[in-house]
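If you check TrEMBL, you get these features:
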type: COMPBIAS; residues: B:577-587; note: compositional bias 'Gly residues'
type: DOMAIN; residues: B:423-491; note: domain 'CBS'
type: REGION; residues: B:572-594; note: region 'Disordered'
type: TRANSMEM; residues: B:38-60; note: transmembrane segment
type: TRANSMEM; residues: B:66-82; note: transmembrane segment
type: TRANSMEM; residues: B:94-118; note: transmembrane segment
type: TRANSMEM; residues: B:168-189; note: transmembrane segment
type: TRANSMEM; residues: B:201-222; note: transmembrane segment
type: TRANSMEM; residues: B:265-285; note: transmembrane segment
type: TRANSMEM; residues: B:291-310; note: transmembrane segment
type: TRANSMEM; residues: B:330-351; note: transmembrane segment
type: TRANSMEM; residues: B:357-381; note: transmembrane segment
Protein chains: 2
Amino acid sequence: MFALSASLLVKEYAVYAKHSGIPEIKTVLGGFIIRRFLGLWTLITKSLGLVLAVASGMWLGKEGPLVHVACCCANLFIKLFPSINNNEARKREVLSAAAASGISVAFGSPIGGVLFSLEQLSYYFPDKTMWQSFVCAMTAAMVLEAFDPFRSGKLVMYQVTYSSVWHGFELVPFVLLGLLGGVYGGLFIKANMWVARWRKSATWLPGPVIQVVAVAILTALLNYPNNYMRAQCSDLVSNLFSECSKLTDDQFGLCKTGAASAGTIILLIFAAVLGFFLAAITFGLQIPAGIILPSMAIGALVGRAIGIIMEIWQHNHPNFIAFRSCEPDVPCITPGTYAIIGAAAALGGVTRMTVSIVVIMFELTGALTYVLPIMVAVMISKWVGDAFSRRGIYESWIHFNEYPYLDNSEEIPIPDIPASQIMTRIEDLVVLTATGHTIASLTAVMEQHPYRGFPVVSDPRDAILLGYISRAELAYILHASTQPPRLLPPETEAFFAHQPLADPRTTLDLRQWMDQTPLTLPRGSRLHLAVSYFQKLGLRYVMFVDRGVLQGLLTKKDVWYVLNGAEETRRTAGRGEPMGGGVARGGGDGEREGLLGVGRGEEEVEVVSPIGDGGSNLL
Amino acid sequence: MFALSASLLVKEYAVYAKHSGIPEIKTVLGGFIIRRFLGLWTLITKSLGLVLAVASGMWLGKEGPLVHVACCCANLFIKLFPSINNNEARKREVLSAAAASGISVAFGSPIGGVLFSLEQLSYYFPDKTMWQSFVCAMTAAMVLEAFDPFRSGKLVMYQVTYSSVWHGFELVPFVLLGLLGGVYGGLFIKANMWVARWRKSATWLPGPVIQVVAVAILTALLNYPNNYMRAQCSDLVSNLFSECSKLTDDQFGLCKTGAASAGTIILLIFAAVLGFFLAAITFGLQIPAGIILPSMAIGALVGRAIGIIMEIWQHNHPNFIAFRSCEPDVPCITPGTYAIIGAAAALGGVTRMTVSIVVIMFELTGALTYVLPIMVAVMISKWVGDAFSRRGIYESWIHFNEYPYLDNSEEIPIPDIPASQIMTRIEDLVVLTATGHTIASLTAVMEQHPYRGFPVVSDPRDAILLGYISRAELAYILHASTQPPRLLPPETEAFFAHQPLADPRTTLDLRQWMDQTPLTLPRGSRLHLAVSYFQKLGLRYVMFVDRGVLQGLLTKKDVWYVLNGAEETRRTAGRGEPMGGGVARGGGDGEREGLLGVGRGEEEVEVVSPIGDGGSNLL
């Protein structure tokens, strides 16, 4: 076991193979690029590392990492199709669909996968993507069923068929489970983030590999004495969900009756507390590790415990007013259902998903008659969890890692200020004038300034906005025109405006390389509106004009800095951010993405490198 | 029965109570307003009419109309909350959630309801709406369960528990069912639309009430001899879905064996053909009528027939190579599952939904192990259906009724032309200059031109865009300033620009009533981009500028006319369109909707009347 954990050293070769990968996928689908995150090396190390990590018996899940693996595969596969690979919008659609298939195979839950991708991961999810994800998740599930890796012949992993329906009074414990799930989610996020911060600040800690080994040893020592913890997470969950009368061998002693069941309750609660503790220190280590299954297990442990308590209570006081609706001589309480509801509530508290959890739970278990209690518990769990903190676990990690993810939900408070307060003013921008350049002078401007593009104005005094040229297009055309067949000398005149006297053979007309219809907002626009532009139109920058005169430029990253508070800006400065092309704030750091698919169409060039190989694909 | 149908005369009192209402709800959620469509009278007549229509035994469903009823209730209820009622965006969120609860109670399918609202109805569906719909659908299902109208004690309406799993070879008939479902959907839409067109063009036809009675009599005559058709649609579906070994009384003779079953097959197919014919003439009559349940019934009839054929085949040739995987002495084929898959495929063909159908089907039946075959069938059915026509039944009715619905899917071909080609040029616009007005002259402009708003420019020669004032705001302030306390005379000077010499007590400064930061696009922008603005930012108009100079104005309706072809424009001109405030094309017909919730915030005035009461709510 330790040996396996130790072999996670491989991971050192691809640092993005660690963790669940879901926060990063969210960031990527939100329109930013993380180099090498979806590359071949990440795929290989993550796949191997995941197998080893799960086999090590540590308290982690395989679901999140499988989503990452699916996205890596998709990203490598679409490199074969340049028409998709060069279109950021379509690439993201493919990644959304791949994520759906990841969950589809992880839980055997095709519809749940589509909804997970929709609810948790995706930033833009048009109808078309829904349909693509549907086909993708279905195919994945069909292939899984054909391979039948668990030799069970069915897709439903933890199938249960309960012989009873639920009673009205059971809503009280179900609501309690929802509450507990929310409290668990809130506390877990706080604890996990506290561990992560502590780990980052405690410089005396040994390296990540030693940490992994230490946690693995600790896990082994703590788990061995406890019957429940010794098992694999998924076995445990499967047993917790099952009904006693259907269980052939009671491996975990869950179905003891009488006095012995008191011990079972204590063991279950103890296992849940231990699981909470282990999951909090494991999630965030440098290994592939998901949080979905551990959360479900913890919820199921607590749920089962409450179920057994209810069962004993009902058994001892069958005449209590609430239990009147029970039929005599038939088991009234099914502790397995409490486990399912507890698992759903815990998952809801941690991830803050709603519809997807319900669908995943009933695709996992087939407990269709319990759909209403599950919905109630998930709803309450989300309410309670949101009271602790509005961020789910994945959003918390995005925040912790300071990924520039612009939350799409309408719940972030956007300060009601004019966007012009935070834009980069024209005085601080590097703008190009329409005329008076040579190839050499433009090359010099590009070498001097790292910005991703430059606004073009009529002349410096009267800065009428003419267009915007991206660094990539400018670099390409300047380079191309000094090569055969044109072979223009560096002192060639270059301009962005109509020059009737210029000889097209000896001068360089850059107008066709410039975006002549850049999107603009009026100067007085509020920040709300600018944020809508970024979120809904998928832009990366917008320029502000007043009656045609350029006033300034605002990038998506600027907005992200503002919305995420100024104190973090300072902290970020010192760290090597894994963002592609992370250039200085305030410059023309942006490129209109392919998302709109509008405007200049085929001419549009994606500057940012395709994820993974670091090359930049010009025209 | 006839008497009941005839009493549908009541319906004459609220014409929007007819039909399923789903095309209209889609249009409303897409940002247009249909007066009285969600009013109190519609609610009353639709509810009563629906009860009568279902009781009449005609071949129609109650699901679509229930969605409409739910939306009416929501619309009336939110009138109590002015903060929601005056915000179009929030109003639509509430309507989306109400639609989810409508499906939730119609099928006992809360998750299916949320997805139906997401996939079929809603134009904008942010995460927040998902969550709201979830809570709403859950509450609705809880209340339904508490009332327990069917006295079955469960929410799952057609619960089935199949004792067998499916075999690989069964995929072939499942794919066939998908094909048939798609063909059914494609043909049904064509037939239904043909009937609708014929009914509109055949002027010699009697009035709508006589038509309803005639169809009701025809239905009765045709249905009575056929055992299957005589039953209520929902009873029929329930029986078709069930497994023979679980059925206590075989009311429909579905479980006959041997030679008798050949007769059953013929009767089933005959009933399906008859049902197709009846549904095609019934859907579109002036009664509340849905298409979901009839489609499911037709699909289930065909599915059951194919299931019985497979059963006989397997029974007679147990050694055929495909049937090797069957265990001996156990029924290998379950015809009920074929009925479920057939129903899902037919529904997919007609409505072109995907995920929601799968979820509704398994919330209806609990046939979880059959989720993959259902997905395969729905997928193929959608493919085949799309090959017939890209429009589902609801989109076809939207198209037929010429509602100005701008399809959000990316599949409509947008001509690659500059938006300036179809915009209303400044020469044809009624624009206001910044100065030189009096209250009387502005009132005269408003009386003379019906447009919904007016762009404001610096002066006629050098038309620098200063802002946009909506008709409502202008009317309000002109009216208010001639009343106490200001009591300005009609000859008072009014202006839209800073006038340093003007006395604020004796002149009217209209700047604060004007949108000073109207959204603009550069003149050369392509139509694609303008459509994105309308679809993604929820605008109703956008202005085009070139270096600050106003060039023209484009409204959402203009775009709709262009995308839906010119010949329809002509046809429309003669008909009384039920759109609120449908003014002449080309004017400033539009108002920035509350959707963005940006810009001028509280000052924003909704010009269009709140649905239902016809009043216009000014500040």
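Just so you know, glycine gets a Cβ as well, placed from its N, Cα and C.
Comparison of B:66-82, B:94-118, B:201-222 by number of C-beta pairs under 8 angstroms to the transmembrane segment (B:38-60) places B:66-82 first. Across the range of the domain 'CBS' (B:423-491), the DSSP-based residue counts are 25 helix, 18 strand, 26 coil. Sequence-distant contacts of the transmembrane segment (B:94-118) (same chain, at least 6 residues past either end, Cβ-Cβ under 8 Å): 25, 28-29, 38, 62-63, 66-71, 73-75, 78, 84, 125, 129-130, 132-141, 144, 155-157, 353, 355-356, 359-360, 363-364. Note on the transmembrane segment (B:357-381): residues 103, 107-112, 115-116, 156-162, 165-166, 170-171, 174-175, 177-179, 181-182, 185, 241, 337, 340-349, 351 of its chain, located 6 or more positions outside it, place their CB under 8 angstroms from a CB of the stretch. Summed and averaged per residue, pLDDT over the domain 'CBS' (B:423-491) gives 83.
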